[in-house]
Each structure stands twice: as structure tokens, then as C-alpha cells.
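Scroll down for the structure; my scribbles are underneath it.
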Amino acid sequence: MELPFASVGTTNFRRFTPESLAEIEKQIAAHRAAKKARTKHRGQEDKGEKPRPQLDLKACNQLPKFYGELPAELVGEPLEDLDPFYSTHRTFMVLNKSRTISRFSATWALWLFSPFNLIRRTAIKVSVHSWFSIFITITILVNCVCMTRTDLPEKVEYVFTVIYTFEALIKILARGFCLNEFTYLRDPWNWLDFSVITLAYVGAAIDLRGISGLRTFRVLRALKTVSVIPGLKVIVGALIHSVRKLADVTILTVFCLSVFALVGLQLFKGNLKNKCIRNGTDPHKADNLSSEMAEYIFIKPGTTDPLLCGNGSDAGHCPGGYVCLKTPDNPDFNYTSFDSFAWAFLSLFRLMTQDSWERLYQQTLRASGKMYMVFFVLVIFLGSFYLVNLILAVVTMAYEEQSQATIAEIEAKEKKFQEALEVLQKEQEVLAALGIDTTSLQSHSGSPLASKNANERRPRVKSRVSEGSTDDNRSPQSDPYNQRRMSFLGLSSGRRRASHGSVFHFRAPSQDISFPDGITDDGVFHGDQESRRGSILLGRGAGQTGPLPRSPLPQSPNPGRRHGEEGQLGVPTGELTAGAPEGPALDTTGQKSFLSAGYLNEPFRAQRAMSVVSIMTSVIEELEESKLKCPPCLISFAQKYLIWECCPKWRKFKMALFELVTDPFAELTITLCIVVNTVFMAMEHYPMTDAFDAMLQAGNIVFTVFFTMEMAFKIIAFDPYYYFQKKWNIFDCVIVTVSLLELSASKKGSLSVLRTFRLLRVFKLAKSWPTLNTLIKIIGNSVGALGNLTFILAIIVFIFALVGKQLLSEDYGCRKDGVSVWNGEKLRWHMCDFFHSFLVVFRILCGEWIENMWVCMEVSQKSICLILFLTVMVLGNLVVLNLFIALLLNSFSADNLTAPEDDGEVNNLQLALARIQVLGHRASRAIASYISSHCRFRWPKVETQLGMKPPLTSSEAKNHIATDAVSAAVGNLTKPALSSPKENHGDFITDPNVWVSVPIAEGESDLDELEEDMEQASQSSWQEEDPKGQQEQLPQVQKCENHQAARSPASMMSSEDLAPYLGESWKRKDSPQVPAEGVDDTSSSEGSTVDCPDPEEILRKIPELADDLDEPDDCFTEGCTRRCPCCNVNTSKSPWATGWQVRKTCYRIVEHSWFESFIIFMILLSSGALAFEDNYLEEKPRVKSVLEYTDRVFTFIFVFEMLLKWVAYGFKKYFTNAWCWLDFLIVNISLTSLIAKILEYSDVASIKALRTLRALRPLRALSRFEGMRVVVDALVGAIPSIMNVLLVCLIFWLIFSIMGVNLFAGKFSKCVDTRNNPFSNVNSTMVNNKSECHNQNSTGHFFWVNVKVNFDNVAMGYLALLQVATFKGWMDIMYAAVDSGEINSQPNWENNLYMYLYFVVFIIFGGFFTLNLFVGVIIDNFNQQKKKLGGQDIFMTEEQKKYYNAMKKLGSKKPQKPIPRPLNKYQGFVFDIVTRQAFDIIIMVLICLNMITMMVETDEQGEEKTKVLGRINQFFVAVFTGECVMKMFALRQYYFTNGWNVFDFIVVILSIGSLLFSAILKSLENYFSPTLFRVIRLARIGRILRLIRAAKGIRTLLFALMMSLPALFNIGLLLFLVMFIYSIFGMASFANVVDEAGIDDMFNFKTFGNSMLCLFQITTSAGWDGLLSPILNTGPPYCDPNLPNSNGSRGNCGSPAVGIIFFTTYIIISFLIVVNMYIAVILENFNVATEESTEPLSEDDFDMFYETWEKFDPEATQFIAFSALSDFADTLSGPLRIPKPNQNILIQMDLPLVPGDKIHCLDILFAFTKNVLGESGELDSLKTNMEEKFMATNLSKASYEPIATTLRWKQEDLSATVIQKAYRSYMLHRSLTLSNTLHVPRAEEDGVSLPGEGYVTFMANSGLPDKSETASATSFPPSYDSVTRGLSDRANINPSSSMQNEDEVAAKEGNSPGPQ
């Protein structure tokens, strides 16, 4: 690639002139001629890579800096295109002031204006001007605002239309209209503009009052914003890309939904019309009853819906006095039904998107029966979870592909830049060699830098105080205070800011200068790493920080620096002042060149060097400037007035404050204050006592004062200039200011909302809580990356809200006050104004669309509503929101949750905690030493050797005290690193500036047991008093450490470094001095601090190996045997020997598989028994007595099992196993409850509670079922991360909860009238507040009640937020909030309308982000665990994986023998028909037609239609039966070898059966429903799956499902277990609650079956609010606590605490964790499946290979003749195909030939695979493995040893041709000689002696058709040499020279030449 500085400076930019155009025409002509010649020569197009436009020169991009400065006179002028790609296109480019590239067609615009026309040039200038686009953007935004108003005059529209027309005219004049490249209509965004303008004029011309549809197109103007802002175009590109990708998923989804809808249609049609009608109503009258006729129809209590019922035994039943009859209406305005395919499809789509599906579920089960729950389970798990998450998977992948493309683009730019830099380096080297000083070049007049004022640059140097010397020759680093202050602020020397998105890595020739790894979040480089790696950054002051840069000039290195670079912390020594003599001269005013010679000889060289260096410098300067947020004048002002350096006393005062605020304890105190302050805010509740309120107020004042002081101290200590450079400090400052404002305001004033700002202080915890920090960063990154996407989403919401308002506002019956009234009812969700319209669209995005759509369909046209709502649902919810989640997940992969943050202050906190721990250690050691001094004899002598191992406390082990390298403060670099432990290490806890790194080997446990810790502590304290012993041990410890160091070079600490933990004794004892130079050699370990193995410890671990032996473990732990010597018995002596034998016997019993099976069976039985203990148990005394008896039996068996295991395993092993503990606890619960029952204490409340814990019994099954255990293990692994996220969610939610308490506490109460059903609010005109409600309650019907879920305190606030976040029950909470007024006043309709926004904001941040973090965390965790347990593929390169996968697929295949054609001619004729592809296609078409006829069926269709459909059904059955018979006739016994045929056969049998049965059962139809047989017919649809073989994408999706099934089954099992346990709990706790909301006679906790129905429903979180509502009742008017129940208990109230815990835990476990595991598995497998499908060779390619092979090898011999190879290669499809002419390629493949000139299929397949994948070293070994595999499964190849290869054959062929030619010419010559001498007989004699029908003659006739089928093995000499690869290299004849024209010849001939 030609680099851009071939011609530097302004010469890059040339005006576009007529000569330029003529040149382009010449180029085009030359290009065409070359193309023609190529086509003629090759006969086909070149397959080489076509030239592509350069990425950084695309239109709309900014021109890179290294093209030089653009002269002012060329701005907006046509220029010759810089991109070589366009040299053959009639185009030119134009640059505006901001260097944005625009391209235009060089043809005549509108056939009137040439590129050189003045009018066109003016139009171009205007169109590229930045102000033009700004003006248009502002116009569009104003227009959008105007469209939301309804009261604006029509004339305003015309103004906008005129502006848009002007814009379009300018663009058309500048670009031309549509014919050529870069014209107006060639840009799809302009189509939008054009249509908007056209519609505006059409609307003005015709009166559009009636056709409001067209007016709504004005809304599309909002999309014009996208066409103006370039960044948005990219995201829209990604969106369109993902929509394209969704094609396969859409087809699969529609297909699955159609199948489910058909099943639903057959099962449930007409059922939802069944209602409870009053007894005595005439059935004919019932047919005409509409749902409005309430006097006849029973209404479900608490609702306005009629009660549905069914006639089945398990369907819903009617109450007394009512009978179940069919009515004409379906529920929900007649829209919820399965009566026709369309309605069934809508219902299924609703089920898939899970919008209020619990309502459909309850209605269907009530009308049809509980058994149909199976249908819903299938649809929810397959349809909803699988298909919806496939959409997520596809969108995620599309996004990843898009971002990969972006990364590739960046890398391409980087590569280009790299090359540019190399050129620069070469230039510099050349100049340096010539002795030219490029430093002086900087002042050259031509340089872009010359234009910069030197004064302008000076302040920048000041601003980078940390980077070098200032004007007054005083290095700022020399001042230790400044140094520490800057280091604290992250501005330390040795650091340099870098932008996050920096794409360039700079490399100097002699040294790597790519960015170091240590970039912190805020883009700060860690100085230590920079200096340690010796890296420098190209740029201002680059060399000042680390080691000196090495110039390409010869120079002596600075000898004193090497050590600093490598061994020590990267802290500059402050030696480098402005007058530093050594090293190259570094210009302190910020120049970037490293060359230091001082003369310029030749002007040309000077100019050349100047131009290159200056351009590069300007590029680097551009990077540098992009990081400067303020103009230089402001910086100088800030430095002058915001750095407060006064008298020495002031500095002393500052120093003292600095010490105070940077002390780790100060950090700890502030953190604690934040926590306490948060607790104070969370304690607010309603109602509060005055004293409590006063306490909270006082607390608030105290905290505000405290935080104000903290801020003031920090500002003084750091100076405002540095203080405000940290984001956290700005954040603090804002919060403190707001707190002060709030304090100054009155409590109830308008500023009380400011209190909520104080809550943001919680986020300060992120500084000391890495997980919170990471998650905030993830959300931050996502919001950042999502900036554009959020904007797109906003535009989508805006457009749809406007469309809705424009189309539907009139239909909603809007009043002047903006309230919508329909049928006398006020509507909350309507489209009368923009705000309500926005809310409706937002609600659809939340996934709730169906209820609004019903209302819309009632008030307006059904079609408009369906289209509008479904479009928003599919586009907004499924695509855009999934793209959001994709971005979130993407952020996860970038940020690992477990990674600790490299933030100095985080470590301050850890240091403070470490100090406290040290104090704790010392105290514990003092106590331990006191004890040990009295009990010294107890310690065994051998253990003293452990004493010197310094123990790590838990927090240290966790964090390894890796404090941030606050590098500037260690001044004494010259001291030996480990010379004095007393000096260096004694201070490591207190000195925050020491870098301590204690890495731990991966395999080690991070935490020591506390016992051991204490043990070691007491041992070391004992040794304090025994210096002699210590002295003896020291050499050994020393040895150990040396051993360690030798083993693992490069750490920074040895065990010595932890000296402070060993107390004064370590410090008192001088350790051997370590010389400074040896630092790196002696004390380092690369990632390991494994101590020397102690023999004692090794011996201790040996008993753990006993698991593998057939003998039991020790019974007790060492601790027990040490303290109780009696436990330590000799098992070889009597009587203990007998005991040992008993133990061995027990061990064998317990380990026996039968024992385990028996226990599993017992667990299942006992769990099953629990299911019978329902609410009706008292009514079944016999069942009750059986259950009591079995309970005792099970308890006895489990106790016996436990005792057996104790004896067999011993206490030690039993109680160190978590699963055994679980068993132990559950057995104890059973035992306790059994004993209580025997002692007749079973009615005691605590025993009752304990009995409910028996529900945990099924948990014991967990450890026994492998599948579930795997899932549980994975979950347990994820628990830390899940808990982290849960905590962070709680913190996020805490803020919203406290805000909710501030806004709504006490305001949700209202006065209700209990006479209505459901209870209705009393009108506020009658009752205005609480006291009025009580006063008017003379009738006893008015009650002042609180909404059950409210914001009266933070805990209830959490519950309310959980309901909002899961979108269940959130409507009631929102309505209460929106209607709320003052405390204790009656709510008014939409009194507080904008409170909706509180919920909108919470849903976006609290609901959307935090709940999706769960998916992210779980997926992330699974990936981590996979890596830990990773298989071989982790250690394989991508190339190897491709080969591995290709070969894996190869091995499982072999050539199939095709079904032989029958000899009978009739059978043969049928065989030919049924094996044709056309026959299959016809059958498929018939299957589709059959499916369509099934769709036509409806409920209550006419007699005639039923008959016709019956006939059509019979016709299809006959056709399919005919197909089946024909195939069986033709294929004979082979028919059943194909799975699809067997499937067809079963379907046909079932279809015939259903026809016969339905005929027989016509008379019995009333007693027996033929639904079952209807469904059987649907099995035929399954045959469509055969079609799917053709659709690769869909097959990938199904393949992903098949791969997921095993994992999904395990997850399903776990989910079932959780449901089972919870349903048992539910039966025990909530059996008697009142029927209300979600609980009724069918859905309740009275029986096990009903509990499971409820729990399945809330697995997706659907309707859990309804189930919780009655449980929250505590008394009248909702329930009666004294009502007697059937089982002897009293009351039908719930227990709110138990209910809330029950439902929230279930939702977290099932909905957030288990269901997200399901999602994680699907995403994972989808990725795998897609990878497989995108591999160069897939399963199908090999299938296709073998299918084609069958045609060429009908006998399945696995060989084909070489002559057939060319045709075979051409017949293949896909990547393996080698199209004709292919002879040349095939010969070059060097395939082995066996006798008979045949080639084995595996050899061909290998060669073709190699042809696709290219060369690879792994191929040979894989090939060997493959051949072994193939031999094992297939016919032996051994008898066919290869005797030649195709290449050898070709060589011999050529040799033969040469010999033949020579022979012929010899013969000709001879015959002429003979004819002359007339010796003809002699010639014949000679002829006879020549070789006759041999190889040569065969070669001469090789062009003739084959005669013989069998070729003899003598055709080739059977030498094995010919087989060996690589022989071709030794061959004398080079075949390629003679092959050139052979391809053409071969192509002309029908057959390829081959040996016979």
C-alpha cells in the first residue's frame, strides 16, 4: 500500500479540473481494455480480491491528519480523490473546515450543471458546510417538538416543508438526482427526506382531513435526525444487520407458533365460551347471551369477568345454582380465543412474549381441564424461553459481528499508522546519519507546528507538572509534599493520561513503546510499569518520566538508570532538570523529536525531513490535544488562581491536612459514615414519632456538616486545581452542595426533593467496593456505547407515540382536559396527548401490549391497532431491547466481576482494615503466648518447624495487600530493597506508598484455616520467648526461601516481607543482609508463594487417599484424638478389632450400589408421601393413618442409614461432606417432629413450623442424581457472583426505595366502599380525607385502607419495586402513586401525573439494567467455570480447531450403499418415481396444503364447510396412504431403514385410525371428545421438518436446541425439585387463605396439584402479585381471622412476612437464576452451533460428499475409477466442489492410485478437505488418526495397497509422450529410409519386435473412449517409490510446463484422460 506521504504537505490536495476529469476517462478506458483482455485470456473472471475503498477515506469520515493541512482556499472546493479506488470512477471529493470527506459524481447534475458550473459549486459549498447540517438538525428537532402539540396552526407545517424543500434542492443541485454514483437518491437516507417532502406536497394539494393516514408520515421527519448524525447511521446499520440475521429465527418462530396454534385450535376451540349460567336458563337463550347480561351470568368475585367453566372432571366448576353452558362471547372483548387459526396464533404469540399469559393459562385450564397444563409447559419452555432467547442470541451475535468489523477497521488504521511511523523512523535514521538536527526543524516555517504560539504551548507544560521541569528549573518532584499530593490524586510522575479509545501503539525502532498494560479506568498509566518496562510514549515530554529515551543516534546509556528500570518501583528520581547534561537534549517546551544533531546542510533534505516530522508531530499533537478539555488560556488562569501556595505556615497547615485526609483511617471513617448515613436515610418510615423524626433530622445535619468538612479539608490539602481533576471529588462536591441547599430549605418546601440527591452518596461506596464499581462501570460503558442506541430507541418511541397520537387520538374520546372517556369509563392508557401516548408505547416496550391493544381495538379500527402494537412489540421490544442486552453482555466480557480495581483509595481502605487486623493479631498472640507459656509441654516438637511460616489473615490472603503503586513517595531508591526489614517492612502497613505484591499459586487455597492461623500465631509467640530455638530454625527457613526464590524468579516479596505479622521478634532478630544488586535474583517468585513442603503436612494428607481404598477412614479428626487420647485406639487389638470388622462390613454395605438405589427409592417415596398431606387430609382418616405410619417407617430407615454411615465413614468424613450435612439436618427435622408427635406436642407452633421443614426432604435427592448435582455445582460456583450482583441490585434499589418513601410514604391510603365488587374508591367529592371516611362510616361499608403494597417504609418499598421490576402488580402501585395527594387525603384521578416518570426511570435503571445483569453474571460465570474445567479446545489454535472439527465429522461418516433398484419392471417403474426429487417436492407441497386446510377450520363453522373439510381430510389421508404404499412396494424391506419413512408410516396408520374412530364415535361424541384424534393428524406437520434439511439456518437453530437438550433437561429437573419443595411449603402455610385476586377454587395451595399449577405460573414471574395479595391480608375488610376451617384451624388471613419471603425467594431462585441458566445454555449452544455452521466445512458438506459418492460408487466399494474423478469433483456442491476444468488441480493433489487405477474415497476426501482448508502441519497426524478410525468402522483398505499416485502417473504419462514422439519420429525416419531402400519386410520384422499393445500404445490412444472395464496391475511398475510423497521433487520432468493448455483440452473432451 502506498503510504500517504509519497507527496507530503499541500501537494496532496489538487483541485478537480477538466484535466483531472480527462485523466479519469483515460483510466476508465484503460481499465476496461485490461478487463476485456483478461476475460478473453482466461475465459472466466479473475477470482482475485477486488480493490476496495480505503476505510479511513470513506464518505462522512474525517480525513486523517497525516494527509497534511488543508489550505483555506481549498475548503469546500472540488478536489481530486485521494483514494486510489476511485481513480477509475467519475467522482471527486470535497472537504469542509472540519475535514469531513464528501464525494460527488463528476457527471453533469440534472444534465444541466457540470462539476465546474458556478451554481453547482455554490450548492456543493453550501451542502458540505457544517452550519448547513446544524441548521437542518435544529429544524428537525423544532419540527418534532411542534408535532407533539395539537394546538399549532397549519401554517407552521408549511414553514418546515419550505425548509426541507430548500435542503433537498441544494443537495440535488450539488449531487445530481439519481443516475450516477453519489447522487441524491443513491443514498437511502435521502429516500426518507424525499418521501417526507413529497407527502407534504400531496397533503397540501389534496384535502387530507379524511385520509389522516398520510399525515402521520410527517412523523418520519424524526428519522431525519438519523441521516444528519453520522454515529447514528452506524447503529441503524447494526440494527438492520441484526434484522436481516433474524430471518431464520423468524421463520422458525412462525413455524413453531403455527404448529402450537394449530394444536391449540384443535384442543381448545370454543371452550372459552363456556360460562356459568343461572339454572333454568334455556340453552337456546344461552347461545345469544352476551357477557353484558350480568343477571344471568355468574361474575368471578373480585373482578368484572364472567366465571369460565368446563364439563371435564378436572375443569372449573360452577357454584351452586349455576350450570355450565356455551355462550356466544369469548373473554376479553371477545379477543381471547382459539376459535380460528388467526386468534389462536395471536394467543400463542402472546404466550411466547409472556404478556399476561397467566390470565390465558387460568382461563384455558378452567375451561378445558388441568391436564392441559402440559401444553403450556411445552409452549413456555420451547416457545417462550427458547425462541425469544434465540432472538437475543442472534441479535447479540449480529452486534458482535458489527463490533468485530469496527475493531478490524481500527486495526487497519493502526497498521497504516504503524507503517507511517516506520517511514518516519527511517527518515529520522537517515537524517541522523547525515547529522541533521530535526529539533531545529520544528521551527521551520512550513511546519504546522510553527503556527502555534510558543506562549500557547507553555501552559501545557505547566499543566503537566508531573512530566518534567518547569521554567524556573525547579523540578516539582523534588518537593516531597507536592509529590505525595499528586500521587494521591493519580497524577503522579511516571503517569500519563491516555484516552480509552486510543487506537495507536507507537513503537520506536530499538525499543517497544506500545502502551503498557497498567492503564487504570480513568486512563492513567501506572508509572511503575512504565518505567519497569522501560517504555516511553511518543509525545510531549515523553522521555521525562521514565528512563531516558534511546535515540537512534549513538549515545552512551545512563548507567545509573538500569536498576531503577527493572528492580524497583518506577519512581523518577527528579534528576532530570532543564539543564540536564546527559542524554539527548529534551526540549522542555514540549517538542517531540528525539534527534539531537545541530546542522542542516541541504535545503531539500531539510524540507523533506521537516515535512515528514511535522506531519507526524501534528498527528501526535492532534491525539494530545484531543485529551485537553480546556483551552490553554483557561488552564493558565486555573494554574494561577487555583493552586494556593502562600507562606510556609500555610503550607505546613496544608501538609497537616494532607496527612489527615490521605490517612487510610480517614478513608475508613468516611466509608463508615456513608454507610451509617444510608442507614439513617433508610430508617425513615410512616407513621413516625416526632422524637424519631427529630433524631433523623439531627443525624442529617451531623452528616452534612461532616461531609462538608471533608470536602473543605480536601480542597485545602490538594488545591482546587488538583481536587477537581478527580471525578469522585466533583461528585462529592455536587452532593455536598445539594445537601447544604436542602438543609437551608424548609422541610416541606419545594426543595424537599433534593433530599433524594443525598442518596447518590451511596455510590461513593463504589470506591471501596470493587463489584459495585465494576457494575457501575458496566452500566456506564453500556450507556456510553448505547448513547446512539438509546437515541434510536428514543426516536422509535417518539415516532410510534406520535403515530399513535395522530391516528388514534380522535377515537379515544378525548376531553378538553386530556382525559379519555370510553363507555362512560375513564381510561388511564390512551393516546389523547403525547405524554400518555409515550406511556402506552413505553408499556409495550416493557412487554405489556395485549391489554392496551384490546382497548384500542374496541375504540378504533382493529387492523390499525394490530399493526401498530405488533410493530412496536417486534421492533422495539424484541430487536432494540435485545440489542441493549447484547451490549450489556458485551460489557461483561470486557469487565470481569472478580477483578480487583487498581484504585489507590480502594487500597487505602484495605490498609486501614489490615492495620486493625494486625492489632487483632497482636492481641490474640498476647493471649496465646500467655496460654502457651503455661502449657508449653503440649506442643509436639516436630510442629515447631511450622512456626516460621508467616500466616496470612483472610483479608490479606484475599487481596495479597497489593496496594496501588502510589509511586512518587518512595524517595530512597538507592537503598537496598531488603536491607533492613525493620526500616522497610515494619512500615509496610502504615506507609501507603509501598507496593506489596504477594501472588499466590493458582492451585493453592487462598485462605488458611482459622485454627491453623491461630496455631501458628501461638507457636510464633512461643518462639518469641525461645530465641535459641528460633536461631536454630532460621537457617532452615532461609534455605526454604532460597529454594523458593530459585524455583520461581521475578516477584517482589519473599516471606520476609510479611515480617510485621510475626511481631517484634522478627524485627529484633537481624536477618542476613541481602545485597542490592541481588534483589531480582533472590526474592522473587513469578506467581507462586508455595512454602517448602513440611514432612508433617505431607503425612497428614495421606489419610485422604483412603477414599480409593476399600477401607473406612479414621473415625475422628486429629484435633479430637489429640485432645482425647481415648479416641485413638489400636484396631489390631481386641476388642477394637471386632469394631473395625463391623466398620468394614458397614462400609461395604453403604458403598454397595443396591443400598444407594434403595435409599433413592425411599427418598422418592417419602417425598411423594408429603404430597398427600393436603388441606383435605382430615376428611380422609384412612389416608392420614397410612401417612403417619409410613412417616415413622421412613424416619426409622433414614436414621438407620445415618447411623450406618457414621459407623462406615467415621465422623470425620461424614461431617466434612456438605451433602451428608444436608442429610443429617433433614433426618433430624423428621426425627424431632416424630418425637414431638409421639409425645403429643405436635400442636405447638414451633413444632408445626418444624414440620413444614420436612418439605426439604426432596433435597436429599440432589446429591443422588448426577444431572441435578452438576447444575447445582455450577450454581454454587456462581453464587459469589450472583450474591455480588444481588447486593449491588439492593444498593441500586435502596436509592429508589428511599426516594419512594420520601415521595409516597402514607399517601397510598384511601377510603373504599366494600359493597362493590371489587372494592371501589369512594369519590373524593364525598370523602376528602381519613377523618371524613371514619365519620361517614355509619353503614359499616366505608373503610380507610392502605394499598397492600406501598412505600410506607424501605422494606415495603423493596417489595413494591420488585413488583414493578417484574411488571407484575405494578399497575396498581403506579395508579396509587399517580393519584396520590397529601398524607391521609383521598386520592384523585391522575392528581400527580408526572409521577409516572419515577417508575419509567426505575424500570430503565432498576429493572432493565439490574435484572439483565443476572443474565450477564450467570453467562459470565459459566464461561469462567468452563475455562477452569476447560477441555482440549482451549489448548488448540483456531487452525487446529478447524481441522479437528472437520476430521471429527469425517470419522463418523462412511459411504452408504444405495437401495438397489428392483429387478421386477413394475417395481422398478415405481422405484424410479418415488426416488425422484420431484416426487418428494410434490408430497411436501401436499403436506403444506394439508396444513393450510387445517388452519381453515374454525369453531361453529357451517355444516357445509365441515363436510367439505372432512372430504379434503379424507383425500389427504388417501394421498399419504398411497405414498406410503408406493414406497413400501418399491423399496421393499429397505423402506423401514429410513427414520422418516417409519415416521410417515406411523402418521398414516394414526390418520386412518382417527378417520375410522371418528366415524364410529359420531354417535358417542357427547360422551367422548374426538380432540385426541384431531391432534394426531397434526403429527403430519412434523413431516415438514424434512424440508428443513434444505434450510441451513433453521437447521442450525434446531441443532442448537438439540445440543441444549441434555443441559436443559437437568435444569428442568432442578426447577421441578424447587417447585416440588415450594409447593409442599405452600400447602403447609397458605392452604386456608381467602379466595381473592390470583387465588380461587382452582389455583390455590389446598392440594399438591393446585400448588404446582400456581408455581409453574410464577416460574416466569407471571401473576405472583395475585397469589401474594390474599396472603398480605391481616384482617377486615379483606379477611376474617376467626373463621373456622375444615382442617380444624381458624381464620382465612395470610401471614405477610412468610408470604413475602416465600414468593421473593421463589422468584429469585426460579425466575432470576434457573431461568437465566436456561438462557445461558441456549446462548452458549447457539454460539457453538453457529460456529459449526460457519466453519469452512460442515456436517452437510460431508453428507453431500457421500451422497454424491453413492452415485459414482453404487456398490459401496469405497473406490472410484480415476477417469470418473473429474466428473465427481465437478458434481459436488458447496466448498468441496472443484469445477471443470479441474484435471490440472486433481493431478497436483498427488492422490494414491490402487490396482485398477482406482482411488479410495478417504484419500479424495482428505485431498479435497486440504484444498478447502489449506496446508497445515496437523493434517498428517489427523489423517493417520482418521484412517485408523475409518478402518475400525469400515471395509478394510489393506488389500488395496497404493501402487502409484496421480502426480507420478502424470510424470510417467509425460515421459511416455516424449518417448512416443521420439519413437514416432524414429519410425518415420526409418520407414522413409526403408522405402527408399525397398526393404519393407525387414521393417515389418522390426515392427514385430517393438512393444505392441503396451503402455506406449495405450498412451498414444489415450484420447479414445475406454474399452476395457478392468485394468491390469501391470499398467504401472509396482514400485513403492512411486507412492512416497515428495518424489515429485526428484522427478526429471516437470509436468506443469506441459499442462498449460491441457485444462482447455480436457474441458472440450467429455471424459478426462486417465490410465486404463
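The backbone N, Cα and C atoms fix where each Cβ goes, and this holds for glycine too.
Taken from Swiss-Prot, the feature compositional bias 'Basic residues' applies to 32-41.
The Cβ of Cys276 (disulfide bond) has 24 other Cβ atoms within 10 Å, all protein chains considered. The disulfide bond annotation in Swiss-Prot covers Cys276-Cys318 (among others).
Following the DSSP three-state reduction, the secondary structure of Cys856 (disulfide bond) is helix. Look at Swiss-Prot and you will find Cys856-Cys865 (among others) tagged as disulfide bond, backed by similarity to another entry.
The average pLDDT computed over the domain 'IQ' (1852-1881) stands at 81. What Swiss-Prot records for 1852-1881 is domain 'IQ'.
Residues annotated as region 'Disordered' in Swiss-Prot: 31-54 (among others).
Summarising the annotation, Swiss-Prot assigns region 'Disordered' to 441-484 (among others).
Feature annotation from Swiss-Prot assigns region 'Disordered' to 537-581 (among others).
Annotation comment: Swiss-Prot describes 1008-1094 (among others) as region 'Disordered'.
Annotation source Swiss-Prot lists region 'Disordered' at 1906-1956 (among others).
Distance between Cα atoms for Cys318 (disulfide bond) and Cys856 (disulfide bond): 32 Å, as a whole number. In terms of DSSP helix, strand and coil, the compositional bias 'Basic residues' (32-41) has 10 helix, 0 strand, 0 coil. In the three-state DSSP scheme, Cys276 (disulfide bond) is classed as strand. Long-range Cβ contacts of Cys856 (disulfide bond) within its own chain (separation 6+, distance under 8 Å): Leu808, Cys865, Leu868, Phe869.
Residues in the domain 'IQ' (1852-1881) partition by DSSP class (helix H, G, I; strand E, B; coil) as 28 helix, 0 strand, 2 coil.
Cys318 (disulfide bond) is surrounded by 20 other CB atoms, counting those within 10 A of its CB over all protein chains shown.
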